[in-house]
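Positions annotated as compositional bias 'Basic residues' by TrEMBL: 1-11. The region 'Disordered' annotation in TrEMBL covers 1-52. Summarising the annotation, TrEMBL assigns compositional bias 'Low complexity' to 12-30. Annotated compositional bias 'Polar residues' per TrEMBL: 35-52, in sequence order. Annotation comment: TrEMBL describes 61-137 as domain 'PID'.
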Amino acid sequence: MFRPKGKKRHSSSSSQSSEISTKSKSVDSSLGGLSRSSTVASLDTDSTKSSGNSTLDTCAEFKVKYVGSMEKLPFEMCRTLLEPPDLISYIDTAQQEGKLPFVAADEEIFLAVSKYGVRVASADQCDVLQRHPLYLVVRMLCYEDGLGAGRNLLALNTTDPKQQECSIWVYQCSSAEQAQAICKVLSAAFDSALASDTKS
């Protein structure tokens, strides 16, 4: 199992935080210029203590579907996507421009969240498809795609160790509850990492 050495998260991350807040916001969609209401689950600082095991000694796994990614974006662009509505609108525009598909691939994959970060593996878990160390995660949020199909998307924003580039990874969850559960587990991972930093 993937066990990279723990590293401190970069200080410029907007998600220095530990807990998840679920908010309903009106987001201007690029789809016809209409406004839609999306439930946004994001990592932020004004939080309460997370539920569950705060030490996060175990790895939580979820079956999701992979939509696509936009990799190696200029880091300065990430600074414009710090607010959930901005990130959602950016993904909407990318889908309209054909940079991201509207529909996820049929095959389910495993998304595992632990205190080490996020790991994505194939359906049979024989192949690791992606690894996102916790200290490189900038933000994770979930929202409904607003297309009327009830698709619940999970967006993961990561950076590189030198903070010169950033990437956006998009997954489709089976329900809003599952998407928010993934965010909450990641929030607990931040809790654990921050607690470890404090002790050290």
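FYI, residue positions are counted from 1 along the chain as it appears here.
Yeah, the Cβs are placed from backbone N, Cα and C, and that goes for glycine too.
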Mean predicted confidence [pLDDT] for the domain 'PID' (61-137): 93
DSSP residue counts for the domain 'PID' (61-137), split into helix, strand and coil: 21 helix, 33 strand, 23 coil
